[in-house]
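Heads up: the structure comes next, in structure tokens.
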Amino acid sequence: MLRATLKSLLARKLRLVLSGLAVVLGVMFVAGAFVTTDTLGRTFDKLFAEGYSQVDVAVTAKPKVAVSEMEGEQILTPLPASLVDQVAAVPGVAKATGVISDDGARVIGSDGKVVTSYGPPRIGMNWVGTDDLMQMRSGRGPEKDNEIAVNEAVAKAAGIKVGDQVGVLTQLPKQTFTLVGVWGYTNDRDSIGGVQEVAFTTPQAQRSMLGKTGVFTQIYADSADGRTSEAVRDQIAARLGSDYEVKTGQQLADESSAEFKDALGFFNNILLGFAGVALFVGTFLILNTFSIIVAQRTRELALMRALGAGRRQVIGSVLVEAFVIGLVAAVLGLGAGVGVGALLVTLFGSMSGGLDPATVGVPMAAILSSLIVGVVVTVVAAVLPAVRASRISPIAAMQDVATPDRPLTKVTVTGAVIGAAGAALLGVGLYGNDSLWLILGGVLVTFIGVALLTPLISKPVVGALGRLFSWSVPGRLGRLNSGRNPRRTAITAAALMVGIALVTGVTVVIGSVKQSIATTAETTVKAEIVIGGDQNGPRPPVFDEAVLARAAAIPGVRAVGGVWNEQVLLDGERDYVTATDNLAKLADAFGSPPLPALKSDQMAVSTEVAAERGWAVGTVVKAQMPRGEEHRYTVVATYDEERVPGAIMLPKAATKEFGLTQPIVGFVRLADGATVSQVLPQVKALVADSPEVNATDRSSFVDQQLSTFDTVILMVQVLLGLAILIAVLGVINTLALSVLERTRELGLLRAVGLGRAQTMRMVTVEAVVISVFGALLGVVVGSGLGAAVVQALEGEGITELVFPWSQMAVYLGLAALVGVLAAVLPSIKAARLNVLAAIAHD
Amino acid sequence: MIGTKAARADDVWKVYGKEEARVVALRGVSASFERGKFTAIMGPSGSGKSTLMHCLAGLDTVTRGTVHIGGTEVTGLNDKALTKLRRDRVGFIFQQFNLLPTLTAAENIRLPLDIAGKKPDPQWWDTVIGTVGLGDRLNHRPSQLSGGQQQRVACARALMSRPDVIFADEPTGNLDSKAGAEILAFLRSSVLEHGQTIVMVTHDPVAASYTDRVVFLADGEIVAELENPTPESVLEQMKAGEVLV
């Protein structure tokens, strides 16, 4: 039995290659994910180990407002300068150095643009001399507050040299410094891992990076001869108490590396998401292929049954075939995955500028998961066809094999039940407990349900679609052919549906969110001009506070309000807060009902927050600021949400304690009679020297703020591309089979005068009808899913439902194109058939 | 005069394979088929009768020699021209009825015209449909028709475009004798009443007796001809042939 199975495997190479390819692609992403994560992980282990190799013991303050990587940027709580002496006095400490080192120093290059970074931080630091790794390449370290030194990576990227005047953006708006030195690292490196570094004098670093003098972010302690880092660490920790974290360089390297690997996990999940979609769609393809194989082998299988093979043996024979294909595909996928991993790592290395990737390794997890995923998916997909094969009666061997049209009742009822279950799961996920897994599961189950319902709807829909092409005889024949085997058409189309439904659904949700936000902004915000920046790094760009006053002085300006943002612990609970220079003016600029200007110990909150937190006018709220201080604010006013840009408003005085001490957005409202075209150029002129900050009219500001959503859509569309690729394989597969099955018919058609071009057109129409049918299903299902999510978000202020009509049209057009492309090979094969041989074919 | 011949083969050779594997299917066959005549090609299996028909119909290429259909030389035509020839001037009837399962009987009948982008002549349509005698089954699909009915649809399809010549390859091979007789009578009447030219390959002496003339092939060569055959005379000739071999 085994030998017969393997022989029949080899006899159908092309089909198996096509269906196996889907598994190869899926497994490729699984393996690629593991290889990339593993290699990058080791790269960063090495990187951090070297980066901290010069540190014996480091002291930092425990963060006052803990913010995780996904929630925003952690604001370092500063250490007072007096602590440096305290650490230096600890026995075993040879030397203690106060260090400032924080992300967010952006150098303006010689072309006037901010030097970008794709990943590695842009560190602003104080100059404490060179260590064993650093090598001065030219000049010296900064000695005056208007001097800086940079590492070679910055100097090269910015195109600057010693002696140049260089603009730097930090927590402060643009300041200009003289570049006095450039340093590099051992082994002729420009940086360690692509990190960009700018060194100031200590007081300037304090002002630029921390917003105030007399504080440090870290204290590095060198252990005296004969003392281990660990011993010194314990000594310092005992002396300083529990408000501080004291760690060895080794610990810091390990922790940073672990933290980084967490972030890599996210990347890993994206790749695994790709793999999931590929394998899900691939399952349809494999299922279809095996169904067809079983149908074609009916006579052969029946003969085996007649010769005494048991039902189990028949099931086994099909499953062994699936196992072999799965295994081969998994091995190929693993190989391709290692390639993809190596490519991604190289790409990552060159993008980040100067990262030196570790050698690509293949972790056990990659091998195991690839093999398991590949084999399990293939075998599971083959179970149904295998069971069907086992039901073939031995008598079928003697009869003429015609695949009878099995009734669709059973599959339709099953589809309806599964579809309903999916919808229910989705409903619970959306309205019940907001569980992402329930929602994803619901979507998945819904897809399966719809796929099962597809054969039923394929007849009328495919018929209707086909009418578009019925103007010619080949078109009509193609249409009739596409309706011939509803199950096969359905499952081929369903594979295409999945990808398109996903992307349509996401587009509906994001489009609706965007539109809702834009509408709210347009209807509630009266300010015609907005000053703000393009965020390009971990923190938003800021502008000089003085710009607000200058803008207010421009003729034709009615009111100007500036906005600062931060996360603060209020009564022990973390919250996003907004501060403004003058709440009364901000309210006016926004066009909301009047609000009082806040005194330095007053705050205002929205009625919703007040209700939620049990605050009222007169409540005193304790605020723990991120830089360490504590304040008390009395609630003096409440207001409707969405009338000012924030649910909790603090006075300007609070911004001294913020991570960013300068405003990030300014709202400018014009007086009656003044026009945007008049005032905008004057406001623009005020921020002309900050390359990251701009003044725009309101609608462009909203567009700019919402542009991140477009990136998400783009990413999802890439996913769609992959799903389409696999679906194309499915369409090719189905068509190749149709051509094969209908060889005699094709011969006849050619004999009665169908030309080659007409034959090709006939096959192409069939492909296009199937593809467009799949895309149509996808657009409809995706719209439904998207609308359901938007409906569930209504409470969150997402009140508008936007369907991306033009994108949907593009998807349908794309599907038609996919059909045409998928038909190329099968149609050529059909056209090239030898008429005589085709007629004689049986 | 070329016009009087519907199809003609001149010194046609057909050789398959090369060197040792060489098989000569036709050795210098010359034959012509007059307009408005029903001709049978007979011979034992392997005699080259099907090959001759395929070469005449432009379905297969010849190794040497020429083939004409009407006034057109078929040999040397490219695929496009051959397609047009098949479409306009040649009709086919196969042993296995070869109807498109997705089309109704009526649609199958008009398929060649549809492919050519022509409308059927209503009078001729009625005539053919009337003779075929399908009546109310015209809107049935092939799977709902009996073998005899399917073959009648195939005959009607071949007749509908009024080709120069219809080639029929064992048209009764898959039918019981009653249905077979019906088809043969039908073919005979289309020759007599409408002047259709038909060339039929068969090995059945009874089928051959419906024709005007029988051409006997053996080993790729024409060995005998018989005008106005009867089953007996055909059988006799076949026996004589065997003795010769």
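Cβ from N, Cα, C; glycine included.
Owing to the predicted nature of the structure, the values given are computational and were not obtained by experimental measurement.
TrEMBL annotations:
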- A:18-238: domain 'MacB-like periplasmic core' (DOMAIN)
- A:270-294: transmembrane segment (TRANSMEM)
- A:274-394: domain 'ABC3 transporter permease C-terminal' (DOMAIN)
- A:314-344: transmembrane segment (TRANSMEM)
- A:364-387: transmembrane segment (TRANSMEM)
- A:408-430: transmembrane segment (TRANSMEM)
- A:436-457: transmembrane segment (TRANSMEM)
- A:489-510: transmembrane segment (TRANSMEM)
- A:489-685: domain 'MacB-like periplasmic core' (DOMAIN)
- A:714-740: transmembrane segment (TRANSMEM)
- A:719-834: domain 'ABC3 transporter permease C-terminal' (DOMAIN)
- A:767-793: transmembrane segment (TRANSMEM)
- A:805-825: transmembrane segment (TRANSMEM)
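A contact links the transmembrane segment (A:364-387) to the transmembrane segment (A:270-294), because at least 3 Cβ pairs that are 6 or more residues apart lie under 8 A.
Packing against the transmembrane segment (A:767-793) from elsewhere in the chain are residues 426-427, 430-431, 439, 443, 446-447, 450, 454, 457-458, 461-462, 465-466, 469, 478-479, 482, 489, 492-509, 512-513, 727, 731, 734-735, 801, 803, 808, 811-812, 814-816, 818-820, 822-823, 826-827: each is 6 or more residues past its ends and has a CB under 8 Å from a CB in it. Of the two recorded stretches, the transmembrane segment (A:489-510) does not lie close to the transmembrane segment (A:408-430), with fewer than three CB pairs under 8 Å once pairs fewer than 6 apart in sequence are set aside. The list of residues near the transmembrane segment (A:714-740) in space but at least 6 beyond its ends in sequence, with Cβ under 8 angstroms from a Cβ of it, reads 14-15, 18-19, 21-22, 25, 273-274, 277-278, 281-282, 284-285, 288-289, 292, 481, 488-489, 491-492, 495-496, 498-500, 502-503, 506-507, 746, 763, 766-767, 770-771, 774, 814, 818-819, 821-823, 825-827, 829-830. Away from its own ends, the transmembrane segment (A:408-430) comes close to residues 436-456, 486-487, 785, 788-789, 791-792 of its chain (Cβ-Cβ under 8 Å, at least six residues beyond either end). If you look at the transmembrane segment (A:805-825), the same-chain residues 6 or more away from its ends with a CB under 8 A from one of its CBs are 496, 500, 503-504, 507, 724, 727-728, 731-732, 735-736, 760, 763-764, 766-772, 774-776, 778-779, 783. Restricting the average to the domain 'MacB-like periplasmic core' (A:18-238) gives a pLDDT of 86. Across the domain 'ABC3 transporter permease C-terminal' (A:719-834), DSSP helix (H, G, I), strand (E, B) and coil residues number 100 helix, 0 strand, 16 coil.
Counting only same-chain residues 6+ beyond the ends of the transmembrane segment (A:436-457), those with a CB under 8 A from a CB of the stretch are 280, 284, 408, 411-412, 414-430, 486-487, 489-491, 493-494, 497-498, 501-502, 505, 777, 781, 785, 789.
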